[in-house]
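K.L.:
One structure follows; several queries about it will come next.
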């Protein structure tokens, strides 16, 4: 592979992939918290509508949604999104729906006595959420969010299908230019792995700080530096049911 | 431009043919993922670290890199080694291999969940290693992870449209072909999206019911 390909395509590709991951993650987090909290609402219509959203976006395929936003939306509604933003929208909406289940689960796992105590102290519902529930729920969310973030990073490769010049797109161009399929794809697989590894380390750091904030020590995983995601049997089944669609419990 | 039922009706048979390929890829990919995942999970418990470590490293690497890139890797690199498969076979291999790293974790969690006394009892009865696995550990481990495995089948179904990008004629590829030939985009893409929801949603309800039946 020549220096020109690196400078003109692969390195900018890494930058685009990083940007995509960041923007989609921020958007997905906003959706996840918005929908996740709304699903605990007392109004059935709010619960129903947010539940409907989650089932639709967890039910369909991210790639199909991306094509839909890219090809159908301009024709049907007259809006043409820049392909980068169509990609961010598709990834954010899909992974936001997955993430909302994590938020909902973590909120549900806060001890009921905490909520009751906040009611007894006559906190308003908003104060209750902000001061009591969320500070305890957020550290619980970080490990599953880490898994989801890696899934999101991997899903950003899909944007090459709608001509966003990310790492995968750069690889396709390089392959056409040089024909060194093995070398190019081996290099970008390693690039993705390094990105995933960095993200995992950052999330670990975040988890330690969040847990220290409420006076808990992080759970020692003790599984070597390569192990990114090890879950118990219960968590593993929760994890798997989270990445697919499923009826509200 | 608005929804046109005539276009939708014309696309329906194509969608059906694409659906068959989508389901075929998912089913074959699942079988491969279930089998390979079990191999990885048993290798994780191998007594020698010369097996454990390389397998763990490979599994970790495959799981943390995008399926799409792996798909391209197999599609473009294997022929240069004179291994020639059809696009569908390549897709099934990539899909199965990628998800085997997820099912391996599911099996591992299930195997870890088998009480230690069961291993000890097997040793006390001087069962061979093979008998311990096949008659004692796996029947108990697999039973409790069936819903989790089923969930990954649904995840595989939703990742199968990636195969369209190497030219497998699945539902998404049918929609792309329709768009390219007749410039009708709205109906084909929308119908494909709905088809995924219509399959994935009931399937996931089934898994949820199964999860409750098996008592989690």
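A Cβ is built for glycine as well, from the same backbone N, Cα and C atoms used for every other residue.
Feature table excerpt (TrEMBL):
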COMPBIAS  A:238-249  compositional bias 'Polar residues'
DOMAIN    A:14-203  domain 'ABC transmembrane type-1'
REGION    A:216-249  region 'Disordered'
TRANSMEM  A:20-38  transmembrane segment
TRANSMEM  A:50-71  transmembrane segment
TRANSMEM  A:77-98  transmembrane segment
TRANSMEM  A:152-172  transmembrane segment
TRANSMEM  A:184-202  transmembrane segment
K.L.:
Give residue numbers and ranges for long-range contacts of the transmembrane segment (A:20-38): same chain, 6 or more residues beyond its ends, CB-CB under 8 A.
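P.N.:
Distant contacts of the transmembrane segment (A:20-38): 46-47, 50, 53-54, 84, 87-89, 91-104, 107, 129, 145, 148-149, 152-153, 156, 159, 164, 166, 195, 199.
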K.L.:
Six or more residues out from either end of the transmembrane segment (A:50-71), which same-chain residues have a Cβ under 8 Å from its Cβ atoms?
P.N.:
35, 38-39, 41, 81, 83, 86-87, 89-91, 93-98, 100-101, 155, 158-159, 161-162, 244-248
K.L.:
Determine which residues of the chain contact the transmembrane segment (A:184-202) at the Cβ level, with the cut-off under 8 Å and only residues 6 or more beyond its ends counted.
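P.N.:
For the transmembrane segment (A:184-202), the sequence-distant neighbours (Cβ-Cβ under 8 Å, at least 6 residues beyond its ends) are 1, 10, 14, 17-18, 21, 146, 149-150, 153-154, 157, 167-168, 170-171, 174-175, 178, 228-229.
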